[in-house]
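Q: Pasting the relevant annotations from TrEMBL:
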type	residues	note
DOMAIN	B:4-285	domain 'Dihydroorotate dehydrogenase catalytic'
BINDING	B:SER21, B:LYS45, B:ALA46, B:ASN99, B:ASN127, B:LYS165, B:ILE191, B:GLY217, B:GLY243, B:GLY244, B:GLY265, B:THR266	FMN binding site
BINDING	B:LYS45, B:ASN69, B:ALA70, B:ILE71, B:GLY72, B:LEU73, B:ASN127, B:ASN192, B:THR193	substrate binding site
ACT_SITE	B:CYS130	active site, nucleophile
Amino acid sequence: MIKKELCQIVSQAEIAEHIFKLTLQGELVREMNEPGQFVHLKVSDYAEPLLRRPISISDINKDENQFTMIYRAEGRGTALLSERKPGDFVDVLGPLGNAFPIEAASTGETALLVGGGIGVPPLYELSKRLVKRGVKVIHVLGFQSENVVFYDEDFTKLGETYVATVDGSYGTKGFVTNIIEDRKLTFDVLYSCGPTPMLKALENNYKDKKVYLSLEERMGCGIGACFACVCHTADDPSGHTYKKVCSDGPVFKAGEVLL
Amino acid sequence: MKSLQISLPGLELKNPIMPASGCFGFGREFSQLFDLSLLGAIMIKATTFEPRFGNPTPRVAETTAGMLNAIGLQNPGLEKVMNEELPWLDQFDVPIIANVAGSQEEDYIAVAKDISKAPNVHALELNISCPNVKTGGIAFGTIPEVAKILTKKVKEVSEVPVYVKLSPNVTNIVEMARAVEDGGADGLTMINTLVGMRIDLKTGKPILANKTGGLSGPAIKPIAIRMIHEVSQHVSLPIIGMGGVQSAEDVIEYYYAGASAVAVGTANFVDPFVCPTIIEELPELVRSLGFEHISECTGRSWKNG
């Protein structure tokens, strides 16, 4: 059930360069039952910036009615959000979108979680839930450089974790795909969130595996009404059939939509 | 809520607030959030004869107090709208205003003829002002004589009153309004979006894949107010006003300008509950301004007294 609520900021901190961790408290946490969903935040009380900002949920704490997001302060909207202080209220619409299917991985199986940059956060709640289910998790996280690396220690606590940076300043130099190939990582299910070229590479490399990809797209309403974030389906690449990233996704089975 | 009940050609509305076409889909998403029967009416997403995928992404770009969109009339086509969307909407006690679009005269006529037969479609909104399609659309909305002829032809086939949606992308909006009045329009809806562009700082290229898009949101409200103020003094057709409405106060401003009902567009994307909120707040605002009925506000900006 989608709710709109003024949620209170519990904490906010810069955990890497321009990367912020924000924890909010509110009743709508009761509706957050799956990993991989997102919320749509109004970052200002005024008409500027006008639209909400979609941000994925990285951690759900049902006991405290709290949830956490990790986002990059990049444009004006997220920069404004990063200035908000504990005690402030943020207008939240959510939870939105469809989650990563944890039931795709059975107890005793291995799941490979591959995140790129600001696509890493939703994998954290996913990983916690998979571990709880008795699934072995392996994380491969890619970042541009050391100054924007985050959460590698938190992931390490849940399972084997490898980090790649494009410039080699931390972990292995290169891309997440290099790590998976070089280390000959094997798995039963692959879950990923990150830049489209990375998702494309994973989709192409593991056609015979169960692969779930979380997409990013510019959004308007976040609930499926504005048709801003549509993509073609893979079986009808130039036709009329479509999926909306916000409400049909953001998680899709590999091969379902045209990346 | 007697102070909000209104009558317009084809439309007996419990209140004058309706979501604008293209900002509410066919209502399915919003039905998860509130009871659609609360709305005065629903202007459904533009329907074309054939299904349309629309434009490539990015399709939206934010602007100062507004947004650009270039969706490109994505819709499932007449047949699906008739067989699936309209019957589904029939479960709600709310009249539908069907937005009719096309790229040539025959398309408009074919869609208008069929869709006006649907039992819950109480009026048509003739979309001669979409800025995001390559052919037709905007041409019908910028040349008075062309608009007049199209209005006339659609009127001939429509079973319900026809409102014509005017484009602000013209030199003389009054001339356009008069032309469609001459063509037999039953009402006007105004305004559609203004053609705009945003350019990416890093790439130096337009953000929208379509390059240009339609500007909507609070940024355009003063333009719409001015145009309704002008048009309402020169034509006798009722006007459904729209453009950047976010609050009950905005609704009253549209009424003062000359509107007889108000549609809410982009604000639905910002706050999906905005329509029911406005409907709830309006009666008290109308009363506090000293009116018994909202229709007393129409044209106050130019009427004597």
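Just so you know, glycine gets a Cβ as well, placed from its N, Cα and C.
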Q: My list of binding-site residues is B:SER21, B:ALA70, B:GLY72, B:ASN127, B:GLY243, B:GLY265; which of them have a Cβ under 8 Å from any chain A Cβ, in sequence order?
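A: Nothing passes the 8 Å Cβ test.
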Q: Could you check what DSSP calls B:SER21 (FMN binding site) once collapsed to helix, strand or coil?
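A: Once the DSSP labels are grouped into three classes, B:SER21 (FMN binding site) ends up as coil.
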Q: Distance check, please: Cα of B:GLY265 (FMN binding site) against Cα of B:THR193 (substrate binding site), rounded to an integer number of angstrom.
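A: With distance taken Cα to Cα, B:THR193 (substrate binding site) is 10 Å from B:GLY265 (FMN binding site).
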Q: Report, in whole Å, the straight Cα-to-Cα distance of B:GLY72 (substrate binding site) from B:ILE191 (FMN binding site).
A: 17
Q: Whole number in angstrom, please: the longest C-alpha to C-alpha distance across B:SER21, B:LYS45, B:ALA46, B:ASN99, B:ASN127, B:LYS165, B:ILE191, B:GLY217, B:GLY243, B:GLY244, B:GLY265, B:THR266 for FMN.
A: 20
Q: If you count other C-beta atoms within 10 angstroms, which of the binding-site residues B:GLY72, B:GLY243, B:GLY265 is the most crowded?
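A: The residue with the most neighbouring Cβ atoms within 10 Å is B:GLY243.
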Q: About how far apart, in whole Å, are the alpha carbons (Cα) of B:ASN127 (FMN binding site) and B:THR193 (substrate binding site)?
A: 12
Q: Sort the binding-site residues B:SER21, B:THR193, B:GLY243 by C-alpha distance from the residue listed as 'active site, nucleophile' and give me just the closest.
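A: Comparing Cα positions, the candidate nearest the residue listed as 'active site, nucleophile' turns out to be B:THR193.
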Q: Determine, to the nearest whole angstrom, how far the Cα atom of B:ALA46 (FMN binding site) is from the Cα atom of B:THR193 (substrate binding site).
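A: The Cα atom of B:ALA46 (FMN binding site) is 14 Å away from the Cα atom of B:THR193 (substrate binding site).
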Q: 10 Å Cβ neighbour count around B:ALA70 (substrate binding site)?
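A: Counting Cβ neighbours of B:ALA70 (substrate binding site) within 10 Å gives 30.
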Q: Ten-angstrom check, please: count other Cβ atoms within 10 Å of the Cβ of B:LYS45 (substrate binding site), all chains counted.
A: 25
Q: Checking your reading of the structure: which of the binding-site residues B:LYS45, B:ALA70, B:THR193 lie inside a 10 Å Cα sphere centred on B:SER21 (FMN binding site)?
A: B:LYS45
Q: Going by DSSP, is B:LYS45 (substrate binding site) sitting in a helix, a strand, or coil?
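A: Going by the DSSP assignment, B:LYS45 (substrate binding site) falls within a strand, counted as strand.
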Q: What is the Cβ neighbour count of B:CYS130 (active site, nucleophile) at a 10 Å cut-off, with all protein chains included?
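A: That number is 27.
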Q: Binding-site residues B:LYS45, B:ALA70, B:GLY72, B:THR193: which have a Cα within 10 Å of B:GLY243 (FMN binding site)?
A: B:THR193
Q: Let me know the largest Cα to Cα distance in Å among the substrate-binding residues B:LYS45, B:ASN69, B:ALA70, B:ILE71, B:GLY72, B:LEU73, B:ASN127, B:ASN192, B:THR193, as an integer.
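A: Largest Cα to Cα distance for the substrate-binding set is 16 Å.
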